[in-house]
Amino acid sequence: MEQDGDSNTVKSRLSGFLWHGGSAYDAWFSCASNQVAQVLLTLPYSFSQLGMLSGILFQLFYGLMGSWTAYLISILYVEYRTRKEREKADFRNHVIQWFEVLDGLLGRHWRNVGLAFNCTFLLFGSVIQLIACASNIYYINDKLDKRTWTYIFGACCATTVFIPSFHNYRIWSFLGLVMTTYTAWYLAIASLIHGQVDGVKHSGPTKMVLYFTGATNILYTFGGHAVTVEIMHAMWRPQKFKAIYLLATLYVLTLTLPSAASVYWAFGDQLLTHSNALSLLPRTAFRDAAVVLMLVHQFITFGFACTPLYFVWEKLIGLHNCRSLCKRAAARLPVVVPIWFLAIVFPFFGPINSAVGSLLVSFTVYIIPALAHMITFRSATARENAVEPPPRLVGQWTGTFLINAFVVAWVLVVGFGFGGWASITNFVHQIDTFGLFTKCYQCPPPPLPPLPFPGGGLSNITAPFGGGAGLPPAVAPSPAHFLHHHRHHGHGLLN
């Protein structure tokens, strides 16, 4: 009996070590792992639209801005929770979410706006992870088209319904960050070893629509803190969160800057028609390993984006406090269905990031938190009784107000205004070029079928101006034949 007791104790400790996380380190791993996933593969594409200098500057600028608004969200969470706990509220079986913070501090209208933007962003964030899974696996197994892979990975990602909360992402967050780190440095080193392609050009930026499309993809990259409140609530001491997102961002920049700059240096303007950086690197065991690791990481990030949606759905149907994991898992499954469907309708890996960044991320994690902080502490009484007053480093309340006003103005004009126009223009172009439900977005077309010689027989076209010595010239395909073939196989210029 003593041996059985010791065995159970060891199992319990191992389970707690791998499964139950709530420390500041767990929060850091969750933030860093969630912040950059599939978007790592599209940042070189953004560099080709922005140019090298603008790409680097936008990463630094939006990284700092994202850290600031994550800090604001953490302050509002602590303020809300402290007020509720003074009223004897019990959160032991309840996960606080961002819309509830807005409701408690600013009222139901703010709650409704926050809920709409947050849920829509997380919905499309999950869609993007699913699209990325299909896009990546195609580069190591092209026997199935990307739409079929989307069906398969949709079923695989549905298993995230069995992960109860962010407490249980400890080992997954750690592994996810290791996988992202490997992929980022693989992209950088493999591009430098490959060297520049013949005739490489770095012409970006060339068009305003491309420039702001690339900028909003970077806005999306550092706007991954829509799950900040849920991560904080999973912490044993949420007050420690204030600087965690900034530290996570600094680490992420060590991954995104070298990888994006190296790939763009090596391939230049070719990236304009290859939104997934892995598609340009030669197939090796290292590239296959990067693909597999990113697939696993996208599964983890899918869970990060979907778990808050699961919570909202559980609260809506009255199962949030249910103790049965199986009942909660079964109740969560309907949330996955629309995500699966939208990933099949809009498989535009790359352009969809910019559209989501400009229309949803701009409000969800930049404008709304800044405005909410300004209005919550607009009165002198609220500022005097604040649980966490601003530090002197930013100029206390006056400096905080000015920074918030700048964030709102910048993101509203540049992110939502110009970025929305550019990303929607590009997104509509994808629909016009490839159509909805496209079977294999940006897949290389198979060889053209053999065409008949004028005198009969068949021959493959082996040269642009005819056959070999002693052979009659090959008949070139008509423009109509070429365009039909090009469109049908989902291959064409992005912009």
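One-based numbering along the chain as shown.
Just so it is clear, glycine is given a Cβ too, placed from its N, Cα and C backbone atoms.
What TrEMBL says about this one:
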type	residues	note
DOMAIN	20-412	domain 'Amino acid transporter transmembrane'
TRANSMEM	56-78	transmembrane segment
TRANSMEM	115-137	transmembrane segment
TRANSMEM	149-167	transmembrane segment
TRANSMEM	174-197	transmembrane segment
TRANSMEM	209-232	transmembrane segment
TRANSMEM	244-267	transmembrane segment
TRANSMEM	289-313	transmembrane segment
TRANSMEM	333-352	transmembrane segment
TRANSMEM	358-380	transmembrane segment
TRANSMEM	401-424	transmembrane segment
### Non-local residues, at least 6 beyond the ends, that sit with Cβ under 8 Å of the transmembrane segment (289-313)
30, 33-34, 37-38, 40-41, 95, 97, 99, 115, 118-119, 122-123, 125-126, 129-130, 132-133, 136-137, 139-140, 153, 156-157, 160-161, 163, 165-166, 169, 172-173, 175-176, 179-180, 182-183, 186-187, 226-227, 230, 278, 320, 328, 331-332, 334-336, 339
### Query
Where else in the chain does the transmembrane segment (333-352) make close Cβ contacts, counting only residues six or more beyond its ends and a cut-off under 8 Å?
38, 42, 45, 123-124, 126-128, 130-132, 134-135, 146-147, 150-151, 154, 157-158, 161, 213, 217, 275-276, 306, 309-310, 313, 423, 426-427, 430-431, 434, 436-438, 441-442, 494
### Task
Please work out whether the transmembrane segment (244-267) lies in contact with the transmembrane segment (401-424), by counting C-beta pairs under 8 angstroms that are 6 or more apart in sequence and asking whether there are at least 3.
no
### Selected stretch (most C-beta pairs under 8 A with the transmembrane segment (56-78)) from 115-137, 358-380, 401-424
358-380
